[in-house]
Amino acid sequence: MSARVIDGRALATGLRVKYAESVAELVRNGIVPGLAVVMIGSDPASHLYVRNKIRACDECGVRSFLHALSADATEAEVLDLIGELNADPSVHGILVQLPLPPQIDVRRVLETIAVDKDVDGFHLYNVGALTVGESIFPPCTPYGVQLLIDQTGIEIEGKHAVVVGASNIVGKPMALMLLQRLATVTICHARTVNLAHHTISADVLVVAAGKPGLIVPQMVKQGAVVIDVGINKLADGKIVGDVDFEGVRDKASWITPVPGGVGPMTVTMLIRNTIRSAQRLPAGSFD
Ligand code: GUN
């Protein structure tokens with residue numbers, strides 16, 4: 001039987017309507033949520049992602065402030081800018097689009113962002129908070145994936161969740177969120193020996209490897225929930241994920257498409273975190 005497709009675009013659209021109402025409520029109370037986006041250099045993928053983020057802000061009534069710096073910007077310039085944004089009361093969220101040019105120390109930049117404006121959740125304080133299950137700003141992509149999994153109605157407690165990819169942005173926080181939901185979690189990465197041995201036993205398979213066609217049907221358990229975080233541009237311009245969608249949909253129970261799966265949710269979670277910052281609510285009080 002063919003898997004049911006989890007429509008990330010539809011879920012994201014519905015959430016954005018809800019978030020626009022939350023913004024309107026804040027505005028009635030004299031607060032306009034604001035997101036500062038810092039982009040350094042001219043990486044085409046980063047430009048596209050930033051454009052999508054700003055469009056989502058517009059859609060929900062969040063004010064956005066784009067700071068586009070040249071590829072040869074110095075670390076001191078970036079840190080000064082972040083210092084100004086930290087002090088600016090109209091800015092509730094600060095996002096520095098990654099990757100950064102090599103002359104800039106990414107950790108130093110992320111650690112300079114005020115913890116209570118760190119809507120990406122990449123500051124070590126927020127990474128630690130996620131680790132102990134008290135995240136205020138859950139990283140956007142894995143949080144979006146969690147909502148997509150919830151959308152299936154499948155209970156993940158006690159199930160085997162396999163995450164392919166161990167990046168700080170997706171794989172590691174994803175594994176922590178699944179663990180928080182009491183799944184049994186395996187993290188696979190580029191050095192994993194016999195990847196298929198692990199993926200075949202996954203009840204929930206989250207793939208964030210950045211390799212088109214990595215996951216083929218023989219690697220997937222019958223009835224698994226398959227979430228494809230990959231966004232890869234092929235030579236012919238086509239955008240595909242890391243999963244052989246057409247092949248795997250015959251084995252999975254649920255599957256996300258690319259595009260239209262995880263991508264729209266990532267951007268929507270950024271809006272969610274920015275609104276939450278503007279509301280200044282403690283953990284767990286807004287969703
Ligand atoms: N680059 C790729 N994904 C992300 C993300 O979620 N946040 C930031 N800041 N940069 C990214």
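Using N, Cα and C of the backbone, Cβ positions are placed for all residues, glycine too.
Just so you know, TrEMBL annotations never went through curation; they're auto-generated.
As recorded in TrEMBL, the features of this protein are as follows:
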type	residues	note
BINDING	Gly165, Ala166, Ser167, Ile231	NADP(+) binding site
DOMAIN	6-120	domain 'Tetrahydrofolate dehydrogenase/cyclohydrolase catalytic'
DOMAIN	139-280	domain 'Tetrahydrofolate dehydrogenase/cyclohydrolase NAD(P)-binding'
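With every protein chain in view, the residue among the binding-site residues Ala166, Ile231 whose Cβ has the most Cβ partners within 10 Å turns out to be Ile231.
The 10 Å shell around the Cβ of Gly165 (NADP(+) binding site) contains 24 further Cβ atoms across the protein chains shown. For Ser167 (NADP(+) binding site), the Cβ neighbour count at a 10 Å cut-off comes to 16, with all displayed protein chains included.
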